[in-house]
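Listed in Swiss-Prot:
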DISULFID  Cys42-Cys106  disulfide bond
DISULFID  Cys144-Cys200  disulfide bond
DOMAIN    124-228  domain 'Ig-like C1-type'
CARBOHYD  Asn46  N-linked glycosylation site
REGION    27-120  region 'Beta-1'
REGION    121-215  region 'Beta-2'
REGION    216-226  region 'Connecting peptide'
SIGNAL    1-26  signal peptide
TOPO_DOM  27-226  topological domain 'Extracellular'
TOPO_DOM  249-264  topological domain 'Cytoplasmic'
Amino acid sequence: MVWLARDSCVAAVILLLTVLSPPVALVRDPTPRFLEQVKGECHFYNGTQRVRFLARYIYNREEYTRFDSDVGEFRAVTELGRPSAEYYNKQKEYMEQLRATVDTACKHDYEISESFLVPRTVEPKVTVYPSKTQPLEHHNLLVCSVSDFYPGSVEVRWFRNGEEEKDGLVSTGLIRNGDWTFQLLVMLETVPQGGEVYTCQVEHPSLPSPVRVEWKAQSTSAQNKKMSGVGGIVLGLLFLGAGLFVYFRNQKGQSGLQPTGLLN
């Protein structure tokens with residue numbers, strides 16, 4: 001589990017990191033179109049049995065130096081970060097504070113948030129569809145879309161006629177939605193044959209059992225017949241509804257008429 005710093009303790013550490021940034025870290029042109037970022041991350045493994053704190057400096061999407069609590073000091077990621085790493089590592093009091101962040105910030109915040117974050121689960125939504133519409137026996141890409149789930153641990157497997165497919169798989173990798181949910185696309189490259197059944201199976205901690213969604217390879221004529229059948233049923237129901245409406249309206253009109261003899 002990874003938490004980005006949004007609370008007061010870790011945010012204070014990030015603020016201190018920014019204030020202590022050496023001038024050498026900004027040797028490039030600091031015009032508005034460039035972006036400097038500092039990210040504090042608490043990594044938890046099996047609760048708080050093992051906790052790792054990272055302070056990452058990023059310039060224009062490129063990380064150039066970082067503090068790693070497992071290492072105990074700053075290490076340069078690129079040549080740009082070497083002067084910064086050397087500068088920070090000489091600040092003894094500051095380095096002691098960073099090394100203590102695992103206990104003073106990460107573990108502290110975990111205890112506060114554990115009750116509502118760790119047990120939280122959201123079931124994934126699973127859909128299967130071909131990437132393009134074309135006749136059978138042509139190369140196609142079947143897409144299994146797994147969306148809006150939490151936590152991020154998920155396993156997606158493809159089957160053809162009950163046999164697992166391990167070749168021809170393409171995945172987008174885990175995508176963060178920004179609202180504590182994730183999404184993932186796992187695609188299968190194949191040449192569908194008539195009558196074949198493709199199944200996407202999804203396993204996730206929120207599910208009591210795996211979810212299986214099927215896609216059946218059908219010829220264009222079979223699909224047209226199926227759509228014609230569905231259209232016929234819908235049309236029949238419309239005529240039936242119209243007939244019942246006319247019938248009950250006539251019945252109501254007749255019940256409202258009184259016999260002529262009673263008017264005299």
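Each Cβ is built from the backbone N, Cα and C atoms, and glycine gets one as well.
Mapped onto this structure are the features recorded in Swiss-Prot.
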residue : record                      : Cβ neighbours (10 Å)
Cys42   : disulfide bond              : 26
Asn46   : N-linked glycosylation site : 7
Cys106  : disulfide bond              : 25
Cys144  : disulfide bond              : 25
Cys200  : disulfide bond              : 23
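DSSP places the residues of the domain 'Ig-like C1-type' (124-228) in helix, strand and coil in these numbers: 9 helix, 53 strand, 43 coil. Broken down with DSSP, the region 'Beta-1' (27-120) shows 36 helix, 31 strand, 27 coil. Separation of the C-alpha atoms of Asn46 (N-linked glycosylation site) and Cys106 (disulfide bond): 14 Å, rounded to the nearest whole number. Confidence in the domain 'Ig-like C1-type' (124-228), given as mean pLDDT, stands at 90.
Between the C-alpha atoms of Cys42 (disulfide bond) and Cys200 (disulfide bond), the distance comes to 34 Å.
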